[in-house]
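Colleague: Starting off with a structure, shown below.
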Amino acid sequence: MSTSHHHHHPPYLITTLFFLFLNFSCLHANELELLLSFKSSIQDPLKHLSSWSYSSTNDVCLWSGVVCNNISRVVSLDLSGKNMSGQILTAATFRLPFLQTINLSNNNLSGPIPHDIFTTSSPSLRYLNLSNNNFSGSIPRGFLPNLYTLDLSNNMFTGEIYNDIGVFSNLRVLDLGGNVLTGHVPGYLGNLSRLEFLTLASNQLTGGVPVELGKMKNLKWIYLGYNNLSGEIPYQIGGLSSLNHLDLVYNNLSGPIPPSLGDLKKLEYMFLYQNKLSGQIPPSIFSLQNLISLDFSDNSLSGEIPELVAQMQSLEILHLFSNNLTGKIPEGVTSLPRLKVLQLWSNRFSGGIPANLGKHNNLTVLDLSTNNLTGKLPDTLCDSGHLTKLILFSNSLDSQIPPSLGMCQSLERVRLQNNGFSGKLPRGFTKLQLVNFLDLSNNNLQGNINTWDMPQLEMLDLSVNKFFGELPDFSRSKRLKKLDLSRNKISGVVPQGLMTFPEIMDLDLSENEITGVIPRELSSCKNLVNLDLSHNNFTGEIPSSFAEFQVLSDLDLSCNQLSGEIPKNLGNIESLVQVNISHNLLHGSLPFTGAFLAINATAVEGNIDLCSENSASGLRPCKVVRKRSTKSWWLIITSTFAAFLAVLVSGFFIVLVFQRTHNVLEVKKVEQEDGTKWETQFFDSKFMKSFTVNTILSSLKDQNVLVDKNGVHFVVKEVKKYDSLPEMISDMRKLSDHKNILKIVATCRSETVAYLIHEDVEGKRLSQVLSGLSWERRRKIMKGIVEALRFLHCRCSPAVVAGNLSPENIVIDVTDEPRLCLGLPGLLCMDAAYMAPETREHKEMTSKSDIYGFGILLLHLLTGKCSSSNEDIESGVNGSLVKWARYSYSNCHIDTWIDSSIDTSVHQREIVHVMNLALKCTAIDPQERPCTNNVLQALESTSSSSSSCTTYLSKILSLA
């Protein structure tokens, strides 16, 4: 009997496969729903997530930013740099069961991150990067067992670092830098035995550096800079044998440098600058043969640099400036083949500069200024052919400048002032094509300097030397901003080439032997701020064209042989503050306008035939010459009567014109039916009939918008501090039309309340349009606002403080011009995020307070980050924004701090310049902030040419 075999699948196998398929489908559907839920909570203006939608296939593996494994499960979500905003409302997306990587860095996401993100996220998660956003709130507690990388840097997180951070036992990378974290660095970090990279920089951490860090034997990178850490550096750090990078800068660390740091044989970067370290540098430090960059600057270190420095054969950068180091500069530095940057300035080094310095090095920057160095310059300094900065000022160096520097074509910045150099300039020195800054002042240099060819030159100071001959032709130096040739023996006339400086701001030719007339063409230098031609032999008249100067502040023509009358329109230069015309041959009357109104007697003395009706000038009064003839008497009487009549008529018009030009007109008073008395003060006559008290009060019911009979719109705002209004009205009287200031047209007040009426400009607030603005438009906004500030600070006397420079207070009109709505003190609420430290603490408001607010505005325009929520302000976020910016800028990660919508490839150099300016404007000490004129000059002088930006050189290249 034959037997047939039939194969049947057991029913339980079919059932199992069915449920597996069902489970697979459910998982797939669950992933899709979680991802779409994430998409619904954020804004995606550039439509990067357009592929995230229901479709016939519903295959999430094809979606932008999503990566799946070989069984089509989502393992990676990378949406970095997509310009997305909004909040992550739940941690649901983080629960995708196979998810290993989440990267949401470099966006504009904000708000707190979900509190359960570290307790409910997928246990498979290994990489979490939320850096460079605007997240706030505290860092959640919890534990992810397999997490390798946690990067929350460059956000606005607050609060303390919890001790349970120590349970993330698998972490290799922890970066919490660039936030507003407070409290101590937890010692529990020592439990992260596998950690390789630790960054807590640019926060507000206090206390000491925990000794427990010495247990983290796998650490390669420690960055705790830009905090408020104190105490001594733990010697236990010297036991971290794998350490490559140690950075503790900008803290309050004190005491000696532990000798154990010399045991870090793999160390390549050691940065301890800007602390309070003292004592000698341990000799063991100079045995670190792998060290590339060493920076102990800005401390109180003493002692000498040993010859052991010759062992550091990998060293490229040595920074020991601003300490109390003594002795000679060791010969050992000359044998460091890779040495590029040597900065030892502001110490007490003595003796000569090592004879072969530069011969066996690769020098690009040498700064030994402000020491006690003597002797001559080595002729080997530029042997590498790469030397760009040579800074040796304020020493006692002598002899001639070596001929080799005349052939150093790489030089860009040379500062040799305040030494004892003598002899002639080396051949070729005045034809170096890349030099942009040259200061040789206060030496004993001599010779003829009539040949000059430096096309990149921006600043030249040859003052206090013995140069002679005629003035050079600087026609090739179109970029010159400052030229100081004072206190030499230069003769001859001013050459025509001197009139062709489109950017010159400071011109000083004083104390020479220059002759001839002052060229009228000099007035074509529209950016000239300071002009000093004193103590020469100029003849002829003061050019009337000088009235065309637009920003001239100081004018000194004293001690010449100038004759004729002073041009009457010279006093019309609004920016002119100081004038000195003493000791000339001038005659006639002194102008009674502008800077001449308060001129000091010493500034006009020595002009025998000069007179003035201003007794404070010390000049004799101007007298009318009288004759005795009867005909003359009748002529005088008739003329006097005619003049009186003319004065009477003119006076009426002058008063009228004065009222109109100063925008001060009669006060309108009205009493309403309920007995309330109102006063309306107008500042422009054309609006006097535009609205009444009733229409002003009615506008308060219609979104505070007032429309006159011609359809012109105005905005009505309530004055917050009524008592301040009278003194504020005097401020408003100073304001005339300026294209970058919203015009205040009137005030309306009763005994209990007051309102301010200003024009309503068609356009949008800066806060509404900032995202996505091109660099060109941002530049225009910066310049427009600082021009408004210059008008308020420099053209109004006394100066007017703008007060509020937040993007909410700046309107971009239809012509793309920024318009500042004045926040006069006492009138409009200040935005605390833009408030200077002295204003917050002492209620002091000055022009330097405005500069601080402008600096914050620059940071906002550069980074796209703002700090305007009340919670952030109470936590000191605007201070943290500045600290974060300093941290980011000092490391020059331009792509991490610049707004992603700005094209850095074209404007990188200009952006870096503006960031540097922003940090100067936000200095804690008001005295360290630049004045408004300097801010404007800095903005105008920035160029968009590209420049290299390495990790550390950006800091050092801005120092000298």
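Every residue, even glycine, has its Cβ placed from backbone N, Cα and C.
Just so it is clear, the model here is predicted, and its values are computed rather than measured.
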Colleague: Looking at Asn23, Asn600, which residue has the N-linked glycosylation site feature per Swiss-Prot?
Modeller: Asn600
Colleague: If I look at Swiss-Prot, which residue among Asn252, Asn878 would I find recorded as N-linked glycosylation site?
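Modeller: Checking Swiss-Prot against Asn252, Asn878, the N-linked glycosylation site entry points to Asn252.
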Colleague: Scan Cys26, Cys61 and flag the one Swiss-Prot records as disulfide-linked to Cys68.
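Modeller: When Swiss-Prot is consulted, Cys68 turns out to be bridged to Cys61.
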Colleague: State the residue range annotated as motif 'CLE45 peptide binding' by Swiss-Prot; the candidates are 221-226, 269-274, 827-832, 857-862.
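Modeller: Matching range for motif 'CLE45 peptide binding': 221-226.
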Colleague: If you check Swiss-Prot for N-linked glycosylation site, which of Asn103, Asn804 comes up?
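Modeller: Asn103, according to Swiss-Prot.
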Colleague: Translate the DSSP assignment of Asn103 (N-linked glycosylation site) into the three-state scheme.
Modeller: strand
Colleague: Going along the chain, which residues six or more apart from Asn600 (N-linked glycosylation site) have their CB under 8 A from its CB?
Modeller: none
Colleague: Quick one: pull the CA-CA distance for Asn103 (N-linked glycosylation site) versus Asn372 (N-linked glycosylation site), whole Å only.
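Modeller: Answer for this pair: 54 Å between alpha carbons.
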Colleague: Which of the three DSSP states, helix, strand or coil, fits Cys61 (disulfide bond)?
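Modeller: DSSP assigns Cys61 (disulfide bond) to helix.
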Colleague: Return the residues near Asn580 (N-linked glycosylation site) by Cβ distance under 8 Å, restricted to its own chain and a separation of at least 6 in sequence.
Modeller: Ser534, Leu555, Asp556, Leu557, Ser558, Ala603
Colleague: Mind giving me a neighbour count for Asn129 (N-linked glycosylation site)? Other Cβ atoms within 10 Å of its Cβ, every protein chain shown.
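Modeller: Its Cβ has 20 other Cβ atoms within 10 Å.
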Colleague: In angstrom units, rounded to an integer, how far apart are the Cα atoms of Asn83 (N-linked glycosylation site) and Asn108 (N-linked glycosylation site)?
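Modeller: Taking the Cα atoms only, Asn83 (N-linked glycosylation site) lies 6 Å from Asn108 (N-linked glycosylation site).
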Colleague: Out of Asn134, Asn228, which of the glycosylation sites is least crowded by other Cβ atoms within 10 Å?
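Modeller: Lowest Cβ count within 10 Å among the glycosylation sites (Asn134, Asn228) is Asn228.
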Colleague: For Cys68 (disulfide bond), list the number of other Cβ atoms lying within 10 Å of its Cβ atom.
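Modeller: Other Cβ atoms found within 10 Å: 17.
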Colleague: Count up the helix, strand and coil residues in the repeat 'LRR 6' (196-216) according to DSSP, in that order.
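Modeller: Summed by class, the stretch gives 5 helix, 4 strand, 12 coil.
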Colleague: Around Asn83 (N-linked glycosylation site), how many other C-beta atoms are within 10 angstroms of its C-beta?
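Modeller: Asn83 (N-linked glycosylation site): 18 neighbouring Cβ atoms within 10 Å.
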